[in-house]
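Data block below; observations after.
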Amino acid sequence: MPTKSRNLFSQLSDIEEQLNNFSFEELTSEEASELKMTFQSFKNNLENKFFGGKSNKAESQATKKSESSDEANLIAKVSHEIRTPLNGIIGFTDLLKESSLTKKQTDHVDAIQSASQTLMQIINELLEYSKLSAGLNELTSIEFNFHKLVNDVSYLCKTLIVDKSIDFEVRMDSAIPKILVGDPSKLSQILLNLIGNSIKFVERGSIKLTIIQVGLSSNDVQLEFDVTDTGIGISKDGLENIFESFKQAETDTYSKYGGTGLGLSIVKQIVEKLNGEIDVVSTLGVGSTFRFTLPYQKSNNNTAIVEEVTPYKGQEELLEGMRVLVFEDNHLNQRLIKHRLENWKCEVFLTDKAIYGLNVLKNHKIDVVLMDLRMPVMDGFEITKQIRSSKDDRIKNVPIIALTADFSIHDQKKCDAHGINDFILKPYSPDELIHKLLANKEIENFQSPSNIVTTNTQVEEGDSIVDLDIVYEDCMGEMDLLEELVGLFKENALEFIGKVKIGIKNEDFVAIKFAAHKIKTGLKMMKTRALSDFVENIHKNSETIKNMVEIENLFNCFIKEYSLVELAIDVEVEKLKRK
Amino acid sequence: MQEKKRLLLADDDELLASLISFRLEKGGYEVCLKRDGKEVKEYLSQNIPDIIVTDIMMPYFSGIELIDFVRNQLKSNIPIIVISSAGNEENVLSAFELGANDFISKPVSPSELLVRVARELNKT
């Protein structure tokens, strides 16, 4: 057998061996059909190559591309699957931290928390990477204020180095047009990634961002960006595959600095998607320079349509006494925004938890809510939805300003649909924050948009995810009975989860309907309002609307919430026992 | 001493049934708990309780069928209280048409059920 086909055969038998050890029961039908497709295209490809002779280079290129995008799709799916239980871990850990722990236990829980957050970050990077590979990450082309974007990025970077002795400097050719046409969010992503990378590897010294014009025609402008640092540098060998996925320069980079080795690969992919080029020069122990060029169109619009923020110097005093509730999960950002708002003499409430935030809204007259849209346990859209479905008009109508790096938030419809009044794009300057706070301070009688999708999650006085007081009363104080009921409840819930899972797989609406019906009473007895609402909706969707996608969504919500409820029940039972 | 009243509780929801039967027993009733229509029918062929409390949705034999069976086959007038899920008004109406005496909605408050059971028994 010729070497080449022998290689192929040995690879095939490897695959076969792996398949023997693979548990196919765990595949979803979608994954299975994807697998089948991949094998079929492999087979067809082989046949075409040898017997059809029609296959040309372009075709095999196309197949190759679609294969890699299949793979990326799979990664995207898997990342999502990992994120869900991970959310549970993070949620549990948060809850655990609230119980009374010894010093040692607190240390251990902190360790779990930081490890799971690192894992979440890695998964997010993986997801971003796979989205890029699959071409799912769409580019926008809009007018934006280039100078302002650079200032914002540099402002954010400065906040990242407050703890280090690093000089950060930006030099920008002032001849670069103020308004350009392109994708601003991708540009800030590239810059933050590269500068963030430098910050990671520089102990002390300097980081410099230089931007010059290298090409100019009547319509276009070519910009060159240099990010130079005095960091640890990269060896010659390391440089060769620095932009490759999952590769880091030195083998011990990960152990020293962590990371996935995806950051630079993501940057390179984005730059190339934007029709730019990226390169690196570096000397070990001296530092590195990452250089990339990007083309932008000039704007025809000389009068800048992009919103200009006039400096609000001196207007800070108007903010005095304003009560601001901030949903933000990143600790650095938390510290930053608290510090800033308190400087302006605002009263600040900080949290990353829906329940805590909703309690604050109940007990304080909050003037405005700042909402980070991307939080691990419950995202900002979800919390906004809960606020907007409150029975209390004052809570329901509180102005909500979204904090986001997602430029598609520019879409007014999207804001309206989610019940968001206004937004601030990250990274943002203090002036912008003042401007938005003032603009939303006076909004009275804001009517929440009518087309907002609300769940029936009502927020009421003393709202908690579970309440055992009434059922305990019904048990006439018999702890044994209560514990038995709780045991039954958990069994029922597990049975429900199992049945619905199978029901979704088999598209069996009737089975789902029965499962939902059966668990309803128990949920009401335990006063788990959110779970009851999810199940009520699952029941409705399986009985009349027959929408499997929605059922799956609701079911995922149920599972997420249930893990918290189960823990909360145990905590409640312990509390009642102590009484 | 007065003999304990016998109550047939037909409900397939273990959670609710455990709680209710506990409270009814505490309230001085002899409770016989059946989890599905088959068990109920078997029991009724041998025994006549003083009162029946039944869920509407049950395996094999619904609460509605149970009322029909008691009133039209057994020709018995023993009080029947129906437990209904919210949003099942139609079922409650047919239950009344077939001769149910009272109904109580889920989630059932055991104390309320005790009062209703006592009230029905006092009528007879």
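Backbone N, Cα and C define each Cβ position, glycine as well.
Keep in mind that TrEMBL annotations are predicted by a computer and have not been checked by a curator.
These features come from TrEMBL:
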- B:6-121: domain 'Response regulatory' (DOMAIN)
- B:Asp55: 4-aspartylphosphate (MOD_RES)
The domain 'Response regulatory' (B:6-121) - residue tally per DSSP class, helix then strand then coil
55 helix, 25 strand, 36 coil
Cβ-Cβ distance under 8 Å, sequence separation of 6 or more, same chain as B:Asp55 (4-aspartylphosphate); the residues meeting this, in order, are B:Ala10, B:Asp11, B:Asp12, B:Asp13, B:Gly63, B:Val82, B:Ile83
In the domain 'Response regulatory' (B:6-121), averaged pLDDT is 88
